[in-house]
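**Student:** Annotations per TrEMBL:
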DOMAIN    1-248  domain 'G-protein coupled receptors family 1 profile'
TRANSMEM  17-37  transmembrane segment
TRANSMEM  49-68  transmembrane segment
TRANSMEM  158-183  transmembrane segment
TRANSMEM  195-218  transmembrane segment
TRANSMEM  230-250  transmembrane segment
Amino acid sequence: GLIITAVACDHHLHTPMYFFLLNLSVLDLGTISTTVPKSMVNSLWDTRAISYSGCAVQVFVFVFLFAGEYSLLTVMAYDRYVAICRPLHYGTLMGSRACVRMAAAAWTSGFLCSVLHTANTFSIPLCQGNTVDQFFCEIPQILKLSCSDSYLSEVGLLVFSFCLVFGCFIFIVLSYVQIFTAVLRMPSEQGRHKAFSMCLPHLAVVSLFVSTDAFAYLRPPSLSSPALNLVVTVLYSVVPPTVNPLIYSMRNKELKDALRKVISWTFF
C-alpha cells in the first residue's frame, strides 16, 4: 500500500519502471487479500467452510491476479532489456502510451486465463465429497473431487497454460542473457553497478516466483503429503507477494525517499 501511494504521489517516480512496479504492487496486494483473510477468519471461528460460489470467486480472482503478475513480470523484463540494451530508443519504445498498453495486455491476459480456468473447472461435476484439502480453493485440489473424465479438459488447459508460462520464462531468460552481456561490456564500474541495481530486484522476484511455482507443481508424487502440500501452497501463494515489496524497496534509494515522505505525511 505504501509503495502504491509513493509511486502515485511522487512525480519523480512517474517512469515506466515505477509504473510497472505500481501495477505489480496492486497485483501482490490483491493476491494476498484473496486467500489469507478468509483463512484467518476460518481459523478464528474454528471452521473450514466456504460456499460454492465463494470458492468459484476465489479461484477466479486468484488465477486472474496470479496470471496477470507473471505476464507483468515478463513485460518488466522487456522494460529492463530496452533500458540497458537499447537506451537510445527507450523513450520511443517505452512511451507512456506503450506502457499503458503493455500493462493492459498483462491484466487482460490474466483475466482471459482466469475466465477459461474458472469456467472449465466449475463446469465439471464434483461427486467425491466437498472437502478441498487446502487452505483455499486451488484448482488441482478441486479436480480431485471430480468423478468424470471431463476433468481431462481442464488438465489439457493447465498443460496449455504451462506452455505459455514456459514461453514467458524463456523470454525472460533470453532478455537477461542479453542484459548481462551488455552490462559486462560497460567500461564504467559505476554504470555496471547502476545497471545491476536496476535489474537484480526484478530478477530476484522472478526467481522467487518461478522457483516456488515449479516446486509446487513439478515436484514428484513421492514428495506429496497433506502437510507438505500446505507448506508448498503457502510458499507459492503467500511468500512471493509478501516479499516482493521488500525486495524492490530494500536497495532503491528513490523509492526509499518517496516512502519516507509518505510515512511522514501519514503520521505527522
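Residue positions begin at 1 at the first shown residue.
Quick reminder: no glycine exception, Cβ is built from N, Cα and C everywhere.
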**Student:** Should anything in the same chain at least six residues away from the transmembrane segment (17-37) have a Cβ under 8 Å from its Cβ atoms, list it; otherwise answer none.
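**Tutor:** Residues packing against the transmembrane segment (17-37) from afar: 1, 3-4, 7-8, 58, 61-62, 65-66, 68-69, 72-73, 75-76, 79-80, 83, 99, 103, 106-107, 135-136, 198, 205, 237-238, 240-242, 244-245, 248, 255.
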**Student:** By a Cβ-Cβ criterion of under 8 Å, what residues six or more beyond either terminus of the transmembrane segment (49-68) are in contact with it?
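**Tutor:** Counting only partners 6 or more residues beyond its ends, the transmembrane segment (49-68) has Cβ contacts under 8 Å with 27, 30-31, 34-35, 38, 42, 106-107, 109-111, 113-115, 117-118, 121-122, 132, 136-139, 142, 161, 237.
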**Student:** Cβ under 8 Å to the transmembrane segment (158-183), counting only same-chain residues 6 or more beyond its ends: which ones?
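**Tutor:** Long-range Cβ neighbours of the transmembrane segment (158-183): 67, 70-71, 73-74, 77-78, 80-81, 84-85, 113, 117, 139, 192, 195-196, 199, 203, 206, 210, 213, 217.
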**Student:** Taking every residue in the domain 'G-protein coupled receptors family 1 profile' (1-248), what is their average pLDDT?
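**Tutor:** That stretch averages a pLDDT of 86.
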